[in-house]
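Visitor: Sequence annotations record features per position, and here TrEMBL assigns domain 'Gem-associated protein 5 first beta-propeller' to 66-174. What TrEMBL lists as repeat 'WD' is 193-216, 287-315, 582-616, 625-667. Per TrEMBL, the feature domain 'Gem-associated protein 5 second beta-propeller' maps to 339-650. Residues annotated as domain 'Gem-associated protein 5 TPR' in TrEMBL: 785-993. Residues or ranges marked as domain 'Gem-associated protein 5 RBS' in TrEMBL: 1052-1208, 1221-1354. Under the heading region 'Disordered', TrEMBL lists 1258-1290. Residues or ranges marked as compositional bias 'Basic and acidic residues' in TrEMBL: 1279-1289.
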Amino acid sequence: MHERSLPASPNWYCSRSSDVSSSGLLGAGAKNIIYLIDVSASSCRVVGELVGHKDLVSGFSFCSIREEAAHQSSVSAVHWSPVDKNLVVSGDEKGVVVCHWYNTGDTTSFFPEPRTIFCLTCSPHTWSTVAVGYKDGMIVLIDVSKKGEVMHRLRGHEDEIHSLAWSPVASEDTLYITEATSGATAGDEKGCYLASGSKDQTMRIWSSAKGKSVMTLKLPYLKKRGSAVDPGVKERLWLHVHWPKGRPTQLVGELVIWDLTRTGKQRWTLLGTSSEGQNHNRIVFNVSSVHLQDDRELIISTSMDREIKCWDLASLDCCWTLPTLGGFVYALTFSPVGTGCLALGVGDNMIRVWNTLTTQNQYDTRSFWQGIKSKVTALAWHPKKEGSLSFGTDDGKVGIYEVFSNRPPQISSSYHRKTVYTLAWGPPVPPMSFGAAGGKPSYSLYSCAGEGTILQHDPSKLSGEAADIDKLIRDTNNIKHKLSPHTDFSWKPDGKVVAIGNEDGCIDVYEAPSLKLLCSIQQHHKIINTLRWHHDHSSPPELHGLLASGSSNATVYVHDLRSIIENPPESPVVLTEPYRRLCGHTAKITGMVWSPHHEARLVTVSYDGTAQVWDVLEEAAICNYRGHVGFLLCVDWSPVDPDVIWTGGKDFTLHEWKVSTQEFTKPPKGKKMMNGGSVTGGVKAVKAQELSGEDEEDEVSSTSCSVPPSAIIETQRKAFTAVKSKDKPDLLKKKKPRSMLPVSTAMDHRPKEDLLQDCITLASVKHNSAPPAGCVPGQGDHIHLGLFSDRQALYRMFEAEEEGHVEAGHFESVVYLRLWSGDLEGTLQLATEKGELNDHLLSLAPMAGFQVWSRTVEAFVKQLCLQEQYLKAASHLLSINKLYEAIDLLRSHKLYREAIALVKARLPAEEPVLKELYTCWAAVLERDGHFSAAAKCYLAAGASFDAAKVIARKNDVSSLSTAASLARISGEVALAQSLALRCAKDLAAAQDWAAAQEVLSSQESLLVHRLHLCVAELLAVMLADPQAASPPCVSTNLWASPGERHISIHGRVKAVWEEHFGVSQTSAGHRSVKTLLQELKSLESPTPTANIPLRQVQLYSSLHLTRAVLSWLSDDDGQLIKELWQAVAWLRDAGHFCVSAELCRLLFPDGQVTVCSLNHPKVLQYAEEEAKAAADSLEAFVHYQRLYQHWWSNPTQIQSRWESVSPETRTFDDLDLGAYGLLSERHAACQASQRSVREIQERIAALVLRHSRAQVGQLDSGEKEAADRPLQLSSSREGSADAEQRPEEQETLLSLSTKMSEHQKQLADLPNTIKMYPHPDVVECCLVLLHISKSSSLSESLQQKAKDLLRKYGTNPSVLKTAQKFLA
């Protein structure tokens, strides 16, 4: 077996891809192989491999389990029960959990949740308890002894569950949870703690007894976990947790050890902080622990940085590090200067340099990744300069690393187009002029790549252009033909000659520096994969000319070129016989190297998966190494130990093995292709395949991969089946195209005799002046001969073929036949008739002339319209300059946008059709409710008025504001004013006063409306009850803040107008009072009803109040008092009596109607009767409200206050004086007549209703009695007492009409001012005054007058009943 080796990297993004046994044997799943590593506190060693899986190893646990097929989907998690040694539990991507009992071979399946399982773990204390973690963050505890019954569903994580770990103690009393979210300890119930790690970067501790989270640990942000990593590689998220045995209070997560009994930053400690570079520099995937016999506890971790590390749990230091490989080992080479320094080129985009001779750390390895973006396929150490390592990559890049410095590599500016196969240092050749004498390097770097070229690079100036040596070879050897692509080359150690292998199997040997061709070896017949010259040191001179070569055939040839090199021939020599032939490999040769310790001893590696050591002179096989799984790619002999050889290959591993210990001598018979098939085309082709498809099965886990973890795992799993699918034949045959000449083609399938006779007939036709009797080529039985005879015969054949196509319905074939015969016009006519025109035929139409082309285009346009391809049809009309027809076509199919674009692109801006299109499109958009788009069309058409109107149709504030601005900008002044007013009214109704003012401020002509809104805002603010829960204003102006409530509102309005609007008695122009008043008079307000909201009522009331203030400023006292009356009447008539009373208090704080304002004292003077009547009515209502205020105050306080005053000093206050205005006999008579009219109208309506029902026979006796009752009731409300006793039969329609006429005449005789400006109900006022007189002293005359009015006008029964106690 091998001595030392670097294994493949453990699989990424798997919850349990590694495990360690109690004896210290670590198993790690890498690809489809499990590597067994013997670990101790001081070292590690790969001791074996478990081979057998055909797919990616997603889980590994130490147990013995036979092969099972219970799962239908990929297994994503597996665990061996620590309690029951016979139980193994596994879960798959579909959510199925399977229990395997090893001793009996039984299996049981459960389906606890229809989710993707990410991980699972068996309880170390109860054999039947299993915790399952899912992709969506759910954790489920199941009991496998009860058919997978779900014990608890643990919810808390927000993303994938990456790992689960049970506490090593079978109780929940070991932790003392101190976090506020966790509550008290869970020691009262039997259970066990469970730790979970999730992609959300949190770890949670769960109580299995309570089924809830008791602690949450947030992973700390670690700025630097180790050495630098490639910043271009995006770090993916993974969080593994591990609970060490015997340490119930310590938890390991992401190489941070947590003390669960502490809090804060003291809770966690980072592993490996004692020295630099101990910790992993990428995320950790798996952690497992082992307790050795010497009582040392170790932790083994695997990471994305492709290293396996061992940690001492006591000191938290790293004991050792085992590097792993994440790709094919393409190249390995020992440094000729630094003894024992081994360089590896790996398919995971990294170079490893391993000091194999160190005694302290047997795996002392450094990784280099900077500047490398693809697989490293070739390496070469500088022969003299220590630490200078050249490398070539899959993407054609060539560079040089100085491995003992931290500088990034030098990259050659000359790139290969394909994979670099070989690198070598050699003497410079022209045109590069190097030389030691000039102080320049004496070596050039040569590279050979997949495109077949060899480039010479200047190592001191890699930024310069590299030279292709093919030019020198042609010039020196006068070669005119194309050289065969090169696949490998090798410089002789003394630098005198170079051997170049080619793709055709030929090997050319050239003499340096002119590269004169010495000989050509034509032994191989397949691509050359590897060439090696025998070394010069410590070997006889007769061996210095040996050249070994390997190709894609399995035989190794060795040629002795010493005589040719020492005595160069004048002309190139061709060698066809080898010096030695080494046979034994069963597949292509991929690499070879001569032993530096022996004479003529060669080791070769092959695609058969083995390494073979040969004695070349004896053509004898010495030993055969078979330790690898899969084909080998590289080999090198140890520079210090003659018995040690190093090999690397497809299995991602590097092996060190001894020649003397090998069991086998020759390669196995037959092709040993482990996990790979037989591939032809040579190793160079193999490398290309490996680099593109290798990797179907391997390097998908590379750090440069940008696919998500789930995709990576899926790709890895599908890789193996992908190779198989390539070998399957394509069962789907391509459909054979239909023949254009089926009739003549069918004639070729006749019997052989007929076909031979056709040849004789055709010869007779070609060589005789007249055809044989009955033979007309192209017709009848000789139709197929039309293809071999003259043109007329061909035309006849075409006609027959056309008839066949027409019968079959293949009109397209008929069109093509006519087209081939040159009848283009007929072809187009036929296609038009059949509706088979297409773009191809249309492109040929101009060949038949403009008229034909134009007719064809028009016909194609009709065909396209039937197919609803209107845009394409319009485009074809443009091709024949029918622009207006194209526009009409688009418009007729409502493609207005495209039609407008076409007009604007091709016609002048003033084109009338453009306006018409805009208008039509706007109408369609407006009908569909797209008002803003319609407005843009109207604007483009110059119809700004219509644009504003259509935007305003939305009728919301923003639309009205936009429409007003649009109308103002467009010069539509009247419309702008009207829209601005509508918008401002809506804003005012919503009490957005500031916005309303802003809308109106843009137009000076709306100043009077701004004044109106100013008054409305002040009125709303002053009428607002500060204690009421009314909705607040959306926005207010600064001047509308609540002021002193004893100031009259019109006085405050006057002050605001002067300060903020510039309106006063002296203002002129459009701000003059008369002008503003005249504008405001044009506004009308509706009749007050009880259905109008209070805000709207206040707006109408404020309109009259605005007129009143303007009348006051213009000294029109009569108009002032009438407008004030209207302002108060609006609120009163709409049913808002309290608000009306509050407005009266604001208008007349001192109660005097004749005084306009306390701040501006002035006694109102008015002469006209209407103004006086309005003033009387207003004063009556003011006193009416004060009367009720006096009545509603505490009557006991009034009585006591009155009695405390001596009789001599008692005087009548304003109540007496105001009450006289309430007891107006004229208004009492008017109100009595109006009541009588209303009562008579009700009785007439009831009488008519009863009569109409009686006419249609709808009343029975009971209904008649019910209908009589309202008549009786209305009769009882007659003005006199004896009317109450009058029988109902005396009430007729005639008598009621007579009474109605009498009362209406009485109302007509009253002055109009009494009816226009009413007073409060006089009878009601009389009752209130007489009631107040019991607690307050009123004048006898006032009381008497009230009693007289009650007796005269209080005829209503309810009034009479109330008045009896005052009139008795």
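Placed from the backbone N, Cα and C atoms, the Cβ positions cover glycine too.
TrEMBL labels come from automatic prediction, so no person has curated them.
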Visitor: Using a Cβ cut-off of under 8 Å, list the residues of the same chain at least 6 residues beyond the repeat 'WD' (193-216) that approach it.
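Guide: Sequence-remote neighbours of the repeat 'WD' (193-216) are 129, 131, 133, 137, 139, 141, 151-154, 156-167, 169, 172, 174-175, 177, 179, 181-183, 186, 237-241, 243, 248, 251, 253-254, 258, 260.
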Visitor: If you run through the repeat 'WD' (625-667) with DSSP, how many residues end up as helix, strand and coil?
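Guide: Across the repeat 'WD' (625-667), DSSP assigns the residues as follows: 0 helix, 19 strand, 24 coil.
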Visitor: List, by number or range, the same-chain residues at least 6 past the repeat 'WD' (287-315) whose CB is under 8 A from its CB atoms?
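Guide: Residues 9-10, 12, 17-22, 24, 26, 28, 37, 39-41, 44, 226, 229, 236, 238, 240-242, 244-247, 252, 255, 271-272, 274, 280-281, 321-326, 348, 350, 367, 703.
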Visitor: Which residues of the same chain, at least 6 past either end of the repeat 'WD' (582-616), have a Cβ under 8 Å from a Cβ in it?
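Guide: Contacts of the repeat 'WD' (582-616) (Cβ under 8 Å, skipping residues fewer than 6 from its ends): 526, 529-530, 532-535, 537, 539-540, 543, 546, 548, 550-558, 622-626, 628-637, 639, 642, 645, 647, 649, 657, 659, 666-674, 676, 678-679, 682-683, 686.
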Visitor: Find the average pLDDT over the domain 'Gem-associated protein 5 RBS' (1052-1208) in the predicted model and report it.
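Guide: So the average pLDDT across the domain 'Gem-associated protein 5 RBS' (1052-1208) works out to 69.
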Visitor: Report the DSSP secondary-structure composition of the repeat 'WD' (582-616) as helix, strand and coil residue counts.
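Guide: Split by secondary structure, the repeat 'WD' (582-616) comes out as 0 helix, 18 strand, 17 coil.
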Visitor: Tell me the residue counts in helix, strand and coil for the domain 'Gem-associated protein 5 first beta-propeller' (66-174), as DSSP assigns them.
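Guide: Per DSSP, the residues of the domain 'Gem-associated protein 5 first beta-propeller' (66-174) fall into 3 helix, 51 strand, 55 coil.
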